[in-house]
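S.K.: The structure follows.
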Amino acid sequence: MLLRAGVFSFKCDVDEGGAFVNDQREFGNHYICDKQDASVQSLFVITLATHCTMSAIAGAMMDTLGPKITSMIGQCFHIIAWSLISTLTAESNAQVYLGFIFMGLGADTAFLPTLLITRLFPGAAATVITLIGSASSASFAIPLILNSYLTGNGISGCWWYVGFGPCLFLLIAALSMPLKAYKVFEDDLSNNQGTAQTDQHTLSESPQLSKQDTGELPSFAERASSKETKNQQQPTRAPTNHTFLKTLFSESYLLVVMYFIAVGWITSFYQEAHDRILEPTARTFLGNALPFSFIPCIILGKLSETIGILAVMGIVNSAGLLAYAFSLKQTVATGIISVLSFMVYMSLFVSQVFVYVEENFPARFFGRLIGIVQLVGGLLSLLCSPLFHLTVGLGPKGMYVVQLPMIGLLLLMYVVLVRMWWIHRRYQVSRRRENSPVATAGVAVPEP
């Protein structure tokens, strides 16, 4: 839509008669010149970086302002963004960047508060998060709807979306979002052994809905007798007595940050360079396929409850590897396979990190931890924009300069995932030993 509206066309050379020199639209491309194409494609990276950077602030806003206010602020950002985009012209410059920056500011500010509903569905957090993520994936259909509606050269028709989109969602957030977050009760039995009476008093005053308990909370004795079974069925969460800084600099968290940095790079470059690394039929198929990424999102989310989120992250990483490998050869068949693989990769873009953090770290740090992950990943994803601009001028095979290192990065992520699994497994074994019947008997029944 932006290219058809002539946005950034002023960056292309014109002859004495005012016509564009070497107009690429005459050869079936959507862009006029390479500079225009690179500028438009860089908007994705700028939006992604702003979106991820705002995540850390949005996480803090959830803790202080509450989900309702945070979500409403996010929708206000979206209203500003689409109001700016709806008034773009071929001569617009700063206005284009401002529109997409506000879009990035509103993305997680409006979205993250919805994740708090997982506290109402203990034991099914992975499924709930991926269901919410699948709804987000379905929003890829919005550009297709707008593109089919805006058939002319103008983009002012987006004004109707301002009313039916963010304005409507602002009203929904005001009416349905809770003013305060649902409270969480984390069962830290190791800190309460030998204090059954105090623990019972605490339970009587604790919220009934949490990440790990629902309905009527069981007694201390019931929880102690069933603890081993729970440890085998539920994800292993880090000790809740860890401080935020200790959690932030733990190896497990640093590894998931590294993983998401790679996800940001791989996603950003593919989105920017798809016009050049895919055959025209595959490019068209990409736009039509992405809205259906909610389907693998739901399937993989449910699968994570069976095989674990780390195994699912391995599947997603493999999909990214296939997406880049099949993009090396520009044919219809390889392009379609590449797009389908990328659709799977995008389906759990951030949901996989949300699920991993929710399962493995203290719940009271959830908002800040996922915000910082996206902050770091978003800032570093900016590196993809100059890389794309650099490779544009290297000819048809110039994309290999980045495609091949991206394949190497995806292979490296297997090492990161294996290390994450090993740490998780080691901690899980340690917890099982601590909670074994022999260890429990040794603590509960002292020698005479």
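Including glycine, each Cβ sits where the backbone N, Cα and C put it.
Among the features that TrEMBL reports, transmembrane segment is placed at 43-62, 69-90, 96-117, 124-146, 158-177, 252-270, 307-326, 332-357, 369-388, 400-422. What TrEMBL lists as region 'Disordered' is 195-215. According to TrEMBL, the compositional bias 'Polar residues' annotation covers 195-212.
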S.K.: Mind pulling out the one from 43-62, 96-117, 158-177, 307-326, 332-357 with the most Cβ pairs under 8 angstroms to the transmembrane segment (369-388)?
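M.R.: Looking only at 43-62, 96-117, 158-177, 307-326, 332-357, the most contacts with the transmembrane segment (369-388) come from 43-62.
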S.K.: Six or more residues beyond either end and a Cβ under 8 Å away: which residues meet both conditions relative to the transmembrane segment (307-326)?
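M.R.: Hits for the transmembrane segment (307-326): 126, 235, 259, 263, 266, 270, 300-301, 334-335, 337-339, 341-342, 344-345, 347-348, 352, 355-356, 359, 403, 406-407, 410-411, 413-414, 417, 420-421, 424.
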S.K.: Does the chain bring the transmembrane segment (69-90) near the transmembrane segment (252-270), so that three or more CB pairs sit under 8 Å (pairs 6 or more apart in sequence)?
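M.R.: No; fewer than 3 Cβ pairs under 8 Å.
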S.K.: Relative to the transmembrane segment (124-146), which of 43-62, 252-270, 332-357, 400-422 accounts for the most Cβ pairs at distances under 8 Å?
M.R.: 332-357
